[in-house]
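Written out below as structure tokens is the structure these notes cover.
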Amino acid sequence: MPDSTIPLLCVLGLLALSSACYIQNCPRGGKRSFPDLKRPCMSCGPGNRGLCFGPSICCGEGMGCYMGSPEAASCVEENYLTSPCEVGGRVCGSEEGHCAAPGVCCDAESCLLDSDCLDDSKRQPPSEQYSSLMEGLAGDLLQWMLHATRRERPQ
């Protein structure tokens, strides 16, 4: 093989390697894959009325948010799906959050109280705003606490 072809082969080899897809910026499926289409996030919670906001967060209108509870256990499956999901609702908070329930802003990691998410609930009469508080685990806990304070106290 002539000596002039070795440098040419080295240059072509380096060129081929430098146009590769680096780990940091590769799309799923490689550099020639199609972009991921967003799909709605999985349903969760009692009666599948909520949506998964993260691997252990399930929130829905009228039911509030469940974090790390059995109602949110099905949200772990989102991690194993290849295409990303998109949660509807208004954008809120500082970390790509979305309004999950009246007054609650959630992202994939956590939920926070956010007044930007109260607009929808302000239109409801006060009796309907607080009716969801008495449903589910929050209502059970509130009733237990009220019952515990009414018990006879030792003298």
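Numbering starts at 1 and runs along the chain as displayed.
Cβ atoms are placed via backbone N, Cα and C, with glycine included.
Annotation source Swiss-Prot lists disulfide bond at Cys21-Cys26, Cys41-Cys85, Cys44-Cys58, Cys52-Cys75, Cys59-Cys65, Cys92-Cys105, Cys99-Cys117, Cys106-Cys111. Residues or ranges marked as glycine amide in Swiss-Prot (evidence: similarity to another entry): Gly29. Residues annotated as signal peptide in Swiss-Prot: 1-20.
Projection of Swiss-Prot feature records onto the structure.
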{"residue": "Cys41", "record": "disulfide bond", "Cβ neighbours (10 Å)": "21"}
{"residue": "Cys44", "record": "disulfide bond", "Cβ neighbours (10 Å)": "23"}
{"residue": "Cys52", "record": "disulfide bond", "Cβ neighbours (10 Å)": "25"}
{"residue": "Cys58", "record": "disulfide bond", "Cβ neighbours (10 Å)": "32"}
{"residue": "Cys59", "record": "disulfide bond", "Cβ neighbours (10 Å)": "28"}
{"residue": "Cys75", "record": "disulfide bond", "Cβ neighbours (10 Å)": "26"}
{"residue": "Cys85", "record": "disulfide bond", "Cβ neighbours (10 Å)": "14"}
{"residue": "Cys92", "record": "disulfide bond", "Cβ neighbours (10 Å)": "20"}
{"residue": "Cys106", "record": "disulfide bond", "Cβ neighbours (10 Å)": "29"}
{"residue": "Cys117", "record": "disulfide bond", "Cβ neighbours (10 Å)": "23"}
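Listed disulfide-bonded residues near Cys105 (disulfide bond): Cys99, Cys111, Cys117 (candidates Cys44, Cys75, Cys85, Cys99, Cys111, Cys117; Cα-Cα distance within 10 Å). Between the alpha carbons (Cα) of Cys117 (disulfide bond) and Cys92 (disulfide bond) lies a span of roughly 7 Å.
For Cys111 (disulfide bond), applying a Cβ distance below 8 Å and a minimum sequence separation of six or more within one chain yields Phe53, Ile57, Cys59, Cys65, Met67, Ala100, Val104, Cys105. The disulfide-bonded residues in question are Cys65, Cys99, Cys105, and the one with the fewest Cβ neighbours inside 10 Å is Cys65.
Comparing CA positions across the disulfide-bonded residues Cys58, Cys85, Cys92, the one lying closest to Cys75 (disulfide bond) turns out to be Cys58. Comparing the Cα of Cys106 (disulfide bond) with the Cα of every entry in Cys41, Cys44, Cys92, these being the disulfide-bonded residues, the smallest distance points to Cys92.
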